[in-house]
Ligand SMILES: NC(=O)C1=CN([C@@H]2O[C@H](COP(=O)(O)OP(=O)(O)OC[C@H]3O[C@@H](n4cnc5c(N)ncnc54)[C@H](OP(=O)(O)O)[C@@H]3O)[C@@H](O)[C@H]2O)[C@@H](O)CC1
Ligand SMILES: [K+]
């Protein structure tokens, strides 16, 4: 599902409550019963499994709760029985309540002569072997508290077998929008088939043990209604960035594509600013200048003949006194935090009116003197790595708390913050944009310097800061995804990001694989 936001489309990430509302609205507006919706959703899950197993004689254990997640499990179990699979279906009897649709599907199964086994305590746990398959339909979107008692023990038992587990909608025990407190109470899913939208919990590092791969099954919830909820969290895929691309015209000249100035470097750290400068050039900034200490002059001139270079003091940045009149400045890579550098940086910020992308040591200098943030222009982009981010917004208790802290900081100072990680997230006030591309190949020295250059180069070309951030983060990750088809994680370096940038851009025009709703 794509929602309209600003002037581009992005897939929404909904909370549990929003999904419940959408579920209800779909039933009301689309003339469909909740039972039919369950049948449809669960049949999609069955089809997913059936197309992979093709009737193989593997033991399949379907664990069903007593709500609608359990109802899904009963529908899946019914299809599996009807297709001749070797299925064992269990009711995890953690409550006397039963949802209506659960009961209807329970009866359907009994009518077929297949009576599920009721699990009411540890002594009822079945034998599950590593070679089997478990379908986890114990708890889903209706989770209200952490699983306890024998339900928790069952989850722990399934985890201990290391069996492949297919989670329906959610790994049982995982909240969509809150942190896990008891890590032993959550099922470790091998793959999760989730309904309608990705869930924020799937994208946060603290849940890495519970979420492996996942994909979204479109079960046809009412898109107009979802739109009306005005969700604030988005998942960025290829479909979302294609419309951002600004094509070029025959009569354009290099001035049309702006002038990036990259400020950074110190003795021994000229490589960082070199990478950033190269990236701004490579992404298409019409002109690119670098402002570095004198010791960086030859290095820059020799390694990037296309760039212009101005210099500051011998080994450090101290004066920030450049003649160039850029359209955007990327500042920080390799800059260091020496006292003179900090004093000069403060003066620079107080006088500067040019749009900024602030990275690395420039962020550390702001963290050291937090009031400096008041001098940055509106919609300045900050690209901190985790330690830099912590210095900026303070320590967080968990990943949800981190997002809250970053949102407050972004709102308070009217800046964009890029939280780097496996799912890099761009925070623009109350809006979150979570990236889908990238892999551990990007965990390499200089990767962030290149990102700063790409984003700066996009802003030079007239992309808004938000679009530059989203598009830049997407392409940066995509280079590593494409490269992995030809190289290895280990041999991919920050220079490889630049090498694969053309492929990442050309991939936008490749019609195949445009719906990457999985991770
Ligand atoms: N959204 C959609 O479009 C569609 C959704 N569908 C499916 O419905 C699922 C949501 O179903 P659901 O609302 O019935 O919730 P579910 O997770 O089955 O459990 C609720 C029950 O568990 C209980 N309970 C809660 N926490 C507990 C705990 N820790 N330990 C013990 N008990 C606990 C809770 O009790 P209570 O909190 O009220 O006391 C209640 O009785 C969704 O994930 C998807 O699979 C599809 O079929 C069709 C389309
Ligand atoms: K589940």
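Just so you know, the numbers here start at 1 and follow the chain as drawn.
Placement of Cβ uses the backbone N, Cα and C atoms for every residue, glycine included.
Predicted, not measured: the structure shown is a model, and the values here were computed from it.
The domain 'YjeF N-terminal' annotation in TrEMBL covers 19-227.
Summarising the annotation, TrEMBL assigns (6S)-NADPHX binding site to 68-72, 140-146, 169, 272, 334, 385, 449. Sequence-distant contacts (6 or more apart, same chain, Cβ under 8 Å) of residue 169 ((6S)-NADPHX binding site) comprise 69, 72, 140, 141, 192, 193, 194, 195.
Note: residue 136 (K(+) binding site) has non-local neighbours 63, 158, 165, 166, 167, 168, 171, 172, 187, 189, i.e. same-chain residues 6+ apart with C-beta under 8 A of its own C-beta. What TrEMBL records for 69, 136, 172 is K(+) binding site.
Per TrEMBL, the feature domain 'YjeF C-terminal' maps to 237-508.
The AMP binding site feature in TrEMBL is assigned to 420, 421, 422, 423, 424, 448. Around the Cβ of residue 423 (AMP binding site), the number of neighbouring Cβ atoms within 10 Å comes to 22. Under the three-state DSSP scheme, residue 423 (AMP binding site) falls in the coil class.
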- Task: Enumerate in sequence order the binding-site residues 69, 136, 141, 169, 421 whose Cβ-atom distance to ligand 1 is under 6 angstroms.
- Result: 69, 141, 169
- Task: Using all protein chains in view, find how many other C-beta atoms are within 10 Å of the C-beta of residue 420 (AMP binding site).
- Result: 22
- Close in space but at least six residues away in sequence, with Cβ under 8 Å from that of residue 448 (AMP binding site), the same-chain residues are 333, 359, 360, 383, 385, 420
- Task: Write out the long-range same-chain contacts of residue 68 ((6S)-NADPHX binding site), meaning residues 6 or more apart in sequence whose Cβ is under 8 Å from its Cβ.
- Result: 34, 38, 99, 101, 102, 140, 142
- Would you mind pulling the DSSP three-state label for residue 385 ((6S)-NADPHX binding site)? coil
- Item | Neighbourhood of ligand 2 - binding-site residues from 68, 136, 424 with Cβ under 6 Å | 136
- Item | Rounded Cα-Cα span from residue 423 (AMP binding site) to residue 71 ((6S)-NADPHX binding site), Å | 32
